[in-house]
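Please read through the structure below; I'll follow up with questions.
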Amino acid sequence: MDLSEVNARGLVLLGCGKMGSAMLEGWLAQGVRAASVWVQDPHPSAWLQSTGVQLNAGLPPDPAIVLVAVKPQMMADALPSLAALGNGATLFVSVAAGTTIGYYEQVLGAQTPIIRAMPNTPAAVARGITAICGNPVATAAHLDLAEALLQAVGKVVRLEDEQQIDAVTGLSGSGPAYVFHMIEAMAKAGEGVGLAPDLAMELARATVCGAGELAHQSPESAEQLRVNVTSPNGTTAAGLEVLMAQLPDLMARTVKAATTRAQELGK
Ligand SMILES: NC(=O)C1=CN([C@@H]2O[C@H](COP(=O)(O)OP(=O)(O)OC[C@H]3O[C@@H](n4cnc5c(N)ncnc54)[C@H](OP(=O)(O)O)[C@@H]3O)[C@@H](O)[C@H]2O)C=CC1
Ligand SMILES: O=C(O)[C@@H]1CCC=N1
């Protein structure tokens, strides 16, 4: 990853909460210099203060990238303060759910290169996945620069059509929460069949982490990995008979609800 432009010209991070700090942690670990990062956030955490980044200080005149990571509801308050950087020289990257490229163009001007991105919180351990798409003035070099930065915290995929990003938000942006809830539900279910709460949580958490890592490392499909656990007429088959009757529909409704909410945030 070539971070020289970021280190030379600077990176501005607007909003450093859960998502902003997950990414910042990855960037600093990958060689972005703290002195090259300007963070704007009203209540900096103790961790943020310990990093050595420039906090709520005057901004550089010509940063390589402004990364916007405030809540969509705060956007109208926060973004106009950076309008002067919308002069075409600085690339804006937004991770805000719902906030459209069109909105950025209204505030910053259509000459501003803008890349809309949707990451997820496993970025904190460099295992995120981020989808990106750019506006018409975002060049191949801008996309490469954004991809290089976001690859510091996981995988990057490119989208042809901005509208797909709401579906990405419903699937992978929000998805870690679905998996964490599955850990909670599995642990409760373990208690239901007689295990102590701590043991049930340890087993559920390790099972989801182990299955995730196996899915990550194995060349086999998710379907085949499932089949590998399922002995004919065995225990897993009995469990899956219950789960598979309901989970596909439940998951479809879950992802749809999150996608619809992302669409609403964009209106
Ligand atoms: N969390 C997630 O899993 C994901 C989040 N996102 C997107 O990332 C964005 C941030 O989400 P998340 O990190 O969860 O939210 P957080 O609330 O944790 O972070 C937002 C940060 O912005 C700060 N802030 C508020 N107003 C301003 C302002 N005017 N200028 C600068 N900073 C400001 C907040 O400070 P304070 O709290 O003090 O108000 C907070 O630290 C959202 O747009 C969300 O859609 C995208 C993908 C995944
Ligand atoms: O819940 C949210 O709105 C944000 C966007 C994706 C994950 N968290």
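Cβ coordinates come from backbone N, Cα and C, glycine included.
Copying in the features that TrEMBL gives for the protein in this structure:
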BINDING   Leu14, Gly15, Cys16, Gly17, Lys18, Met19, Ala69, Val70, Lys71, Pro72  NADP(+) binding site
BINDING   Asn56  NADPH binding site
DOMAIN    13-98  domain 'Pyrroline-5-carboxylate reductase catalytic N-terminal'
DOMAIN    162-265  domain 'Pyrroline-5-carboxylate reductase dimerisation'
Sequence gap of 6 or more, Cβ distance under 8 Å: name the residues on the same chain that satisfy this around Cys16 (NADP(+) binding site), in order along the sequence.
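Long-range Cβ contacts: Leu24, Val39, Asp41, Pro44, Ser45, Leu48, Ala69.
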Taking the Cβ of each of the binding-site residues and counting other Cβ atoms inside 10 Å, which one has the highest number: Lys18, Lys71?
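Max Cβ neighbours within 10 Å, all protein chains included: Lys71.
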How far is it from Lys71 (NADP(+) binding site) to Asn56 (NADPH binding site), counting Cα to Cα, in Å?
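Asn56 (NADPH binding site) has its Cα 18 Å from the Cα of Lys71 (NADP(+) binding site).
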Across the domain 'Pyrroline-5-carboxylate reductase dimerisation' (162-265), what does the mean pLDDT come to, as a whole number?
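When the pLDDT values over the domain 'Pyrroline-5-carboxylate reductase dimerisation' (162-265) are averaged, the result is 97.
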Determine, to the nearest whole angstrom, how far the Cα atom of Lys18 (NADP(+) binding site) is from the Cα atom of Asn56 (NADPH binding site).
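It is 18 Å, counting Cα to Cα.
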Between the Cα atoms of Asn56 (NADPH binding site) and Leu14 (NADP(+) binding site), find the distance and write it as a whole number of Å.
10
Just counting, how many other CB atoms are there within 10 A of the CB of Ala69 (NADP(+) binding site)?
25
Which of the three DSSP-derived classes (helix, strand, coil) applies to Leu14 (NADP(+) binding site)?
strand
Rounded to a whole angstrom, what is the largest C-alpha distance between any two of the residues Leu14, Gly15, Cys16, Gly17, Lys18, Met19, Ala69, Val70, Lys71, Pro72 that the record assigns to NADP(+)?
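Max Cα-Cα spread across the NADP(+) binders: 14 Å.
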